[in-house]
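Can you read through this structure? Questions will come right after.
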Amino acid sequence: MGSQNCHNDPKHILEQAVKAGITAFQFREKGNGSLTGYKKFILGKQLRNICQNYRIPFFVNDDIELAEILDADGIHVGQDDVSALELRRRFPNKWVGLSVSNKTELVNSPISSVDYLGVGPIFSTTTKEDAKSAIGPNWIKDIKQAYPSLPIVGIGGITTDNAASVIQAGADGVAIISAITLAEDINKAVLQL
Ligand code: TZP
Ligand code: MG
């Protein structure tokens, strides 16, 4: 998540989610209303500290310099960002994650250079302004069959009601923004997930 996904203090939201049991966090400060420059850095540092205090991995989306300055545990990139291959070379000690949205992207991806795939949007979502079409959980089965040892994280439109179907399709995890950040009771939402 980023501040643009939060209706109140992102630090408070992350702290509640971490206390309730989320297992990793990705700082994704982008899109309408997101912070830039120094403000983005300060928020990133504060969220990074929360993850450190609670011993969960901290990922940065896209922003390589920020990932470096904040000593992130991992970097997540999309198809149009810095290549995962280059990131692997530059950051041998960070996790590198890559998004794939369809078969064409998958076959053109440097699978052997990434630590996990973010697959989605699984369901339709309004959180990502330029999201591609929803692909449904079944595609995860095909990817798992083709790359059995590659960790897969489903993303996009995942809620307490449909998260189980993503795991049942073979995903190793689910990545969630709005169903946590906008939940009336974050603790309850995370516990249900
Ligand atoms: N990538 C694919 S869908 C998505 C991203 C970043 C948005 C996920 O947000 P939500 O609110 O969990 O659908
Ligand atoms: Mg990107």
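The backbone N, Cα and C atoms fix where each Cβ goes, glycine too.
Here the structure is a predicted model, which means the values were calculated and not measured.
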TrEMBL records Q26, F27, R28, E29, K30, N61, S99 as 4-amino-2-methyl-5-(diphosphooxymethyl)pyrimidine-binding residues. Which of K19, K128 is assigned to the same site?
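Answer per TrEMBL: K128.
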Quick test of your reading of the structure: among the binding-site residues Q26, F27, E29, K30, whose CB sits under 6 A from ligand 2?
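With ligand 2 as the reference and 6 Å as the Cβ limit, the list is empty: none.
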Report, in whole Å, the straight Cα-to-Cα distance of D81 (Mg(2+) binding site) from K128 (4-amino-2-methyl-5-(diphosphooxymethyl)pyrimidine binding site).
16
Quick one: of the binding-site residues Q26, F27, E29, K30, N61, D81, flag those whose CB is under 6 Å from ligand 1, and say none if nothing qualifies.
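By the Cβ criterion, which requires under 6 Å to ligand 1, there are no hits.
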Just the number: how many Å between the Cα atoms of K30 (4-amino-2-methyl-5-(diphosphooxymethyl)pyrimidine binding site) and D62 (Mg(2+) binding site)?
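Cα-Cα distance, K30 (4-amino-2-methyl-5-(diphosphooxymethyl)pyrimidine binding site) to D62 (Mg(2+) binding site): 9 Å.
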Relative to the Cβ position of S99 (4-amino-2-methyl-5-(diphosphooxymethyl)pyrimidine binding site), how many further Cβ atoms are located within 10 Å?
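Looking across every protein chain shown, the total is 25.
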Near D62 (Mg(2+) binding site), how many other Cβ atoms are within 10 Å of its Cβ?
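I get 17 for this one.
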